[in-house]
Amino acid sequence: MGSKIVQVFLMLALFATSALAQAPAPTPTATPPPATPPPVATPPPVATPPPAATPAPATPPPAATPAPATTPPSVAPSPADVPTASPPAPEGPTVSPSSAPGPSDASPAPSAAFSNKAFFAGTAFAAIMYAAVLA
């Protein structure tokens, strides 16, 4: 029972240091910009007289354009006149469901490297130290 309590304590310590390491930094306070003096009123610019008007050049009237010729509306083909196409045949070899490879019976043995309690404790301790350095 004692080793389980130590493991729980280490995990809680890891979570606490991780939470402290990821806490947001305090936001910097914004300093107001220095006050600027109000703009000085400038006198309005002196109005200049408009330039003398020049007479517009005379343009000839546009020539009359002939009206476009109308064409009779075309007749749409009936559905009976449209040929129907057959769907394309599939290309390449066909694979039947029975020839699909099944799951292999021989599965690799699980690794025993991560089941060692000393490895778990060492990893937790290293993580705690890493989080403490970052905090």
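For all residues, glycine too, the Cβ spot is worked out from N, Cα and C.
In Swiss-Prot, the entry for 4-hydroxyproline among PRO38, PRO87 corresponds to PRO38. Residue with Swiss-Prot feature 4-hydroxyproline, selected from PRO24, PRO51, PRO79: PRO24. As annotated in Swiss-Prot, 4-hydroxyproline applies, among PRO39, PRO57, PRO73, to PRO39. Noted from Swiss-Prot: of GLN7, GLN22, the annotation pyrrolidone carboxylic acid belongs to GLN22.
Of the candidates PRO26, PRO45, PRO55, Swiss-Prot marks one as 4-hydroxyproline, and that one is PRO26. When PRO32, PRO72 are compared in Swiss-Prot, the 4-hydroxyproline annotation sits on PRO32. In this structure, the CA atom of PRO39 (O-linked glycosylation site) is 42 Å away from the CA atom of PRO24 (O-linked glycosylation site).
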